[in-house]
Amino acid sequence: MQCFPSLVLALSSLLGALALLQLSLYLRVPSRYGKHEERLCRPRGRLPARCAWFLQELPSFLVPALLLAVRSPPRLEPLGCRLLCCLFCWHYFYRTFIYPFFTRGRPFPLQLLFFGTLFCIYNGFLQGYYLIYCAEYPNDWCTDIRFTSGLFLFLLGMGINIHSDLLLRQLRKPGEVTYKIPRGGLFTYVSGANYFGEIVEWFGFAIATWSLPAFAFAFFTLCCIGPRAYHHHRYYLKTFTDYPKSRKALIPFVF
Ligand code: NDX
């Protein structure tokens, strides 16, 4: 396989367009899974959350890992490029092999699982293909301010995301499906602390890679889970009369 810059441009532009489509579809109404599902107890057309998240996220890990494995000759240099590819796979290793096995979420709708899986194949291919076949970095990229500041944001965001996922999980005992007010960590300031972490993470990745595909994905993430954080916030305000009034939806002290 070789690098086709026009393919990277086309796929990144399409990802940007999907982000706008996502925003237009889900700004007013939330995507119907988790707390925003209308008929919560209907088991038909759903898969247990563990299975669904594993299947949906697997391609985001597998596709770049396969691309890396089949590249001949193997891409070993520069170090910056290898590290960036590992960061992407590292996040999706967590999301595929760790997150699903601890989730206490409700069953996930098959229809969204189908589109989510397609999305993960698409994005896994785009990010992996770009980093493994196209990206060119100078040998000292690891000391560039874009790499170091981006890596810092990525790690900070990932830490917030994983910690917030854990706090949400601890709200329920095994088998429980009720919703409670999340507390602690960044939930002290925002309703969508896990989403805030994920958005910071992918903007950090975009800065560290300084690439169009990664900026397109960070933009998609913002358009996808930004509105969802807002819908979660509204849900909490409507459901819990004692919900902390100073808490914002997504960005501490701002929004
Ligand atoms: N999967 C990303 N669009 C997607 C799923 C749906 O990873 O066709 C986006 C992702 C997909 C989407 C994906 C892409 C776009 C799709 C969409 C469906 C339609 C859409 C395909 C790929 C589409 C077009 C047309 C443009 C193509 O019972 P429960 O499940 O609610 O329990 C929850 C629990 N919890 C609580 N428990 C007790 N008390 C409370 N108050 C609770 N609040 C929540 O915590 C869950 O078990 C758990 C987390 O829930 P929630 O709702 O906070 O997070 P969730 O949305 O489930 O995300 C889980 C993690 C989170 O860390 C988030 O950052 C990350 O995954 N994520 C999620 C979505 C997208 C994404 C990351 C990204 O874009 N990077």
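Yeah, the Cβs are placed from backbone N, Cα and C, and that goes for glycine too.
TrEMBL annotations: computationally assigned, not manually curated.
The transmembrane segment annotation in TrEMBL covers 7-27, 108-133, 145-164, 202-225. Annotation comment: TrEMBL describes 107-255 as domain '3-oxo-5-alpha-steroid 4-dehydrogenase C-terminal'.
Listed as Cβ neighbours of the transmembrane segment (108-133) (distance under 8 Å, sequence separation of 6 or more from its ends, same chain) are residues 1-3, 7-8, 11-12, 15, 18, 31-33, 37, 45-49, 52-53, 55-65, 67-68, 71, 75, 81, 84-85, 88, 92, 209, 211-214, 216-217, 220. For the domain '3-oxo-5-alpha-steroid 4-dehydrogenase C-terminal' (107-255), residue counts in helix, strand and coil come to 102 helix, 4 strand, 43 coil, using DSSP.
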